[in-house]
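Beneath this line is the structure, given in structure tokens, with notes to follow.
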Amino acid sequence: MIKWYVSSKYPQLKFYSDFNNLSLIRRSVKIYWSSIGQSILTNSDLIIIFLALGSIGLKVSSLISLYMVVAINLRIIMTSLVTSFKEYFQSVIIKNGRLDWETYSNYEFYTYIVGVFSFLITSIMTPYIVTGIFAKIILHDVDTSGLSKNTIEFIIFSTPFSSLFGATTGLIVLLESKITLIHAKGMHRTIAKPLNIIAFSFFITSFITTLLLNRFISNVDSKISWVIIVFYGFKIFFLIVAYLYLWVFSWDKLVYNAKFNRIIPNLFFLFMSCFLIIAVLVSTYNSKIIRVDLNEKVPVDLTYILAGVILIFILSIFIFTFIFVYNLAFKNTSLFRWLFYSLPIIKRITKQKQEKAKQDLFKKENIKIDQLLLKQEDIFKAMYGFKDNKVIDQKEFEKYSKYKSKPKTYILTSNDINKDDTEY
């Protein structure tokens, strides 16, 4: 239609068939194969679950797709926070060849913060948003025949499913951060084959395992729940494997003078934040603090949404506390040491240790402090001509200490000489 409209509206334009540009075709094929592994790792959920569950898999995939409408849009927003640095890193790499260790470690710590908040928000708030938007569609419009109420609740707003999906969202954000650095370096072809191997291994193993579960579990509710849990378990595992590979590659190929001094603190922050979120999710599981009821006319009450927001806010305070402690302890060590040694108790203990060490040193070297002070006083008097019984007169003191003005020195230049004087 577009071609017909343009040819009728602009008859002067001529259309020719595309030429077979072999170089362009090869390049497009390489680009396709370099990105297929990343696509399989991030976006193969519906295909594998549908193929594994068979006839009922279409209904399950429909419910998961409604969940993904919200979750994937949230993931895109969080991913843009780490991929927006690509042009900056590209300019730095073009200028310097590689990144310095401080810049790399700071960016890695920043990506951990974004990944942790992706996990937090997706795990807690996504079920409320999905239920609030799509509850009526799920109950009346979507074909859920053959699916029990427990299955629908498990997929839409259960804590285990939202936690698994939130974990994959956070890992995908971390994976995208490493891919951003590697693309800025222009080495995306180098990682294409290993990522494809990891992605196809994930596809085959997760598909075969979920297919066997569908075959040997007779209960429909248990079958669907276990297939989803096992699939996302495999996805989390292979995302971690892919991230570790990209981390080692970045550490080796993208950084000058790579060290280990910031690796453990960064990982400690990541693990502590994730452990805190998981502990809160486990403690609120099957509680009345956070719940959704499909039997109600309005499945999501405002009070429960506010409870979720407050919970995210409280966890955010703890996470920002971790960030503050991290900055003091590892990024600004001089400030941290100054604050630590300025504490009154620490200051007193340090002073006592210094005095004790000084006394021990004097005893070891057979130095008597009293005699040393007397000798220092005698040496000082001998150097400056002081005598014990002499009383210094005020006039004599002022004679040596009073400010004496130096005579001014004038320099004559040729401009200061009169014209009459130049004749002689």
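Even glycines carry a Cβ here, placed using N, Cα and C.
Pulled from TrEMBL, these are the features on record:
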type	residues	note
TRANSMEM	31-58	transmembrane segment
TRANSMEM	64-89	transmembrane segment
TRANSMEM	109-134	transmembrane segment
TRANSMEM	154-175	transmembrane segment
TRANSMEM	195-218	transmembrane segment
TRANSMEM	224-246	transmembrane segment
TRANSMEM	267-285	transmembrane segment
TRANSMEM	305-329	transmembrane segment
Review point. Considering pairs 6 or more residues apart, do the transmembrane segment (31-58) and the transmembrane segment (267-285) have at least three CB pairs under 8 Å?
Key: no
Check your understanding: Apart from its near flanks, which chain residues at least 6 from the ends of the transmembrane segment (267-285) lie with a Cβ under 8 angstroms of it?
Key -> 109, 112, 115-116, 119-120, 123-124, 159-160, 163, 170, 311, 315, 318-319, 322-323, 326
Exercise for review: Please give the sequence-distant neighbours of the transmembrane segment (64-89): residues at least 6 beyond its ends with Cβ less than 8 Å from one of its Cβ atoms.
Suggested key: 45-46, 49, 99, 107, 110-111, 114-115, 117-118, 121-122, 126, 129-130, 133-134, 137-138, 142, 155-156, 161, 165, 169, 172-173, 176-177, 180-181, 183-184, 228
